Amino acid sequence: MIGCGACEPEVKMAGGQAAAALPTWKMAARRSLSARGRGVLQAAAGRLLPLLLLSCCCSAGGCTAAGENEETVIIGLRLEDTNDVSFMEGGALRVSERTRVKLRVYGQNINNETWSRIAFTEHERRRHTPGERGLGGPAPPEPDSGPQRCGIRTSDIIILPHIILNRRTSGIIEIEIKPLRKMEKSKSYYLCTSLSTPALGAGGSGSASGTVGGKGGAGVAGLPPPPWAETTWIYHDGEDTKMIVGEEKKFLLPFWLQVIFISLLLCLSGMFSGLNLGLMALDPMELRIVQNCGTEKEKNYAKRIEPVRRQGNYLLCSLLLGNVLVNTTLTILLDDIAGSGLVAVVVSTIGIVIFGEIVPQAICSRHGLAVGANTIFLTKFFMMMTFPASYPVSKLLDCVLGQEIGTVYNREKLLEMLRVTDPYNDLVKEELNIIQGALELRTKTVEDVMTPLRDCFMITGEAILDFNTMSEIMESGYTRIPVFEGERSNIVDLLFVKDLAFVDPDDCTPLKTITKFYNHPLHFVFNDTKLDAMLEEFKKGKSHLAIVQRVNNEGEGDPFYEVLGIVTLEDVIEEIIKSEILDETDLYTDNRTKKKVAHRERKQDFSAFKQTDSETKVKISPQLLLAMHRFLATEVEAFSPSQMSEKILLRLLKHPNVIQELKYDEKNKKAPECYLYQRNKPVDYFVLILQGKVEVEAGKEGMKFEASAFSYYGVMALTASPVPLSLSRTFVVSRTEVLAAGSPGENKSPPRPCGLNHSDSLSRSDRIDAMTPTLGSSNNQLSSSFLQVYIPDYSVRALSDLQFVKISRQQYQNALMASRMDKTPQSSDSENTKIELTLTEMHDGLPDETANLLNEQNCVSHNKANHSLHSEGAI
């Protein structure tokens with residue numbers, strides 16, 4: 001004991017090392033102290049006495065060696081990685097069979113051999129009870145007061161022979177867990193660690209190691225060896241030394257079958273998602289349209305899909321229910337394979353998004369009709385499978401939301417759809433304009449398309465339908481012309497150009513006569529009338545022109561109807577086709593913008609048909625025409641029926657320029673224009689006064705007297721006797737006198753023209769020869785007599801405005817020729833042709849272009865009738 005004083009530091013060091021080698025025992029001692037008091041502490045000190053004695057007796061060299069070889073101290077274990085099969089539960093490690101688990105070892109002096117000092121046992125640490133204490137002997141040690149030897153170490157858990165160190169305070173070891181025995185669901189294992197102590201030499205003289213973990217002798221001389229001499233396995237006294245091995249997790253299905261099911265479910269998920277988009281995007285209206293106007297393949301597809309698509313809510317519920325069921329099952333199977341919830345969620349999300357949503361929806365959005373038709377049997381199958389759940393829900397949706405109608409486009413949407421799809425459809429611009437115009441017909445009013453009143457061509461009701469007025473109407477190009485009285489806004493009648501078909505401009509008929517006769521109704525419409533309603537009115541046939549008016553209630557006074565303009569059927573049609581209708585008479589492309597037609601030639605000029613002032617036909621009453629005709633036929637021998645037929649005479653009197661007028665000028669009474677005849681000036685015409693007064697100056701004495709109506713002069717000018725005749729021989733007579741002098745009275749019954757037949761060709765000389773027997777009083781008439789001129793020896797001057805008959809020699813001779821043709825027996829066609837040709841030649845002088853054209857046309861008609869009569873030499 002004394003000698004031990006010098007070794008006190010070594011003893012203390014050895015005692016400290018011993019204490020470090022037994023951490024679990026120290027912790028047990030502390031718990032015993034707090035639980036049982038000082039008695040327990042004294043018992044623990046008594047058990048440490050041999051160790052203290054051993055430390056005191058050790059040599060200085062031995063103590064130094066023990067200090068250099070420190071014992072490994074294991075404090076506890078933790079799982080390095082946790083998952084669904086390896087985790088901490090209630091302070092115990094829970095792992096699965098047939099797995100390898102990495103454990104982190106915490107302690108002191110962790111080295112490469114630490115893995116060999118760890119083991120597990122199946123036997124739980126034995127706990128002593130108070131009944132086990134001896135009655136007469138010394139008290140047994142407390143259950144928790146010191147280390148306890150482990151039971152049999154298990155071979156179900158194998159410590160793999162390697163370790164990963166970290167600063168000698170921790171390291172990672174790996175253990176392999178064998179399968180559980182049959183019928184075992186789980187099994188508990190407990191941690192054991194190894195302790196090794198040096199054995200003392202015999203006789204006490206040997207030097208032995210005093211540290212835990214050294215290899216020494218069997219014990220100290222005179223003392224029994226400790227129970228953990230050599231290598232001893234004891235229970236680890238920590239709280240996390242229990243390991244529970246559970247049964248290996250089994251898959252719901254075999255792995256290969258589970259992979260097949262996952263692939264199939266992924267395909268079904270994509271199919272449900274694609275059909276949901278593809279079929280539900282095909283509304284019933286679109287399917288009906290495709291059935292009627294699609295291609296043959298599209299019609300077949302739509303016919304197969306339409307019965308299923310008609311049950312919209314039922315189809316929707318079936319597809320959604322199937323999609324949700326498939327996606328849920330897919331996630332469960334992936335979780336079973338992956339073994340981790342997070343991994344299953346990530347993998348299932350990626351798979352469903354890519355292969356179950358994006359790809360199928362991208363395909364079905366473009367080819368939904370074909371995909372839906374080719375998979376219709378699968379759709380019907382799943383509708384039957386989900387019938388118990390989806391059908392009631394669909395009926396509930398039908399009751400709440402109503403029956404599905406489909407996409408219906410209004411006018412604006414339809415127009416916009418046509419505009420947007422214009423690059424992709426086969427509509428040409430004109431077709432698109434017509435469709436657009438027809439759809440916009442109900443949105444526009446007549447005020448938008450009407451012609452304003454200021455731009456309308458109108459005619460006053462006081463107008464006279466003479467050549468100028470009718471030419472103006474024809475040049476306007478309009479077929480319906482409003483007629484107004486007073487102001488232009490006071491439209492009272494409507495004139496159709498076809499009403500003027502039987503109106504002669506020479507008749508100067510008042511416009512009111514025509515409008516009252518036809519009495520076309522006026523059609524008034526209000527300015528807010530829609531174009532579709534206006535079109536329906538025009539289609540009824542009442543009128544193709546309407547007068548636009550509005551109620552003017554501005555200012556003071558009563559409201560009144562104000563005429564704004566006119567609208568026609570052409571305006572409505574132009575609005576429908578979105579284009580201007582240009583005919584040959586239009587001057588403007590648009591009656592609102594007043595843009596003129598670029599290619600339009602000059603307007604038609606009717607001035608070529610207008611008579612000059614000298615050619616203006618004088619109008620006489622039918623009664624005066626009859627009296628004039630009877631007077632000439634009975635009183636003037638040259639116009640008697642024996643010389644000229646009454647029919648030809650009537651045509652002659654109706655011929656232009658036969659009846660003329662002369663305006664008397666009071667300021668210039670002696671003007672040459674006032675003389676009908678002047679002495680010693682040759683003339684070739686006959687004059688019959690119809691109205692007015694004339695002064696006749698005759699003879700060398702210059703006798704003057706006045707004459708009035710139905711006095712006639714110049715009969716000899718028609719026959720042109722070779723010598724001038726005196727006044728007595730020119731029979732200046734009154735109304736009751738008969739012209740006898742100078743007339744061919746000797747031969748009142750001239751012979752009929754001989755040698756005339758259908759093949760005769762009458763030249764001018766032939767006609768003169770044919771008429772010669774009627775113009776002389778003897779059988780020896782000279783054709784040269786026609787070349788003579790008549791020179792009167794009197795003057796006839798107007799005293800007032802005159803209206804008279806003036807027949808030239810040429811007109812008279814042509815009338816005689818026509819009379820002879822009329823008396824000649826021949827076909828009616830030839831007769832009419834010859835008479836017309838003869839009367840056409842009654843103009844003085846050479847024929848103009850119009851006369852030549854008419855002669856040529858008559859000749860063509862005559863040749864077609866196989867007649868050879870020509871008009872050569874017509875003057």
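Using the three backbone atoms N, Cα and C, a Cβ is placed for every residue, glycine included.
Topology check against Swiss-Prot: Arg181 and Phe502 fall in different compartments relative to the membrane. Of Asn112, Asn591, Asn747, Asn866, the one with N-linked glycosylation site in Swiss-Prot is Asn112, while the others lack that note in the record, though it may still apply to them. Mean pLDDT across the topological domain 'Cytoplasmic' (335-338) comes to 80 in this model. Tertiary proximity for the topological domain 'Cytoplasmic' (335-338) is limited to same-chain residues at least six positions away from its ends with a CB under 8 Å from its CB atoms, namely 251-252, 255, 258-259, 262, 344-345, 347-348.
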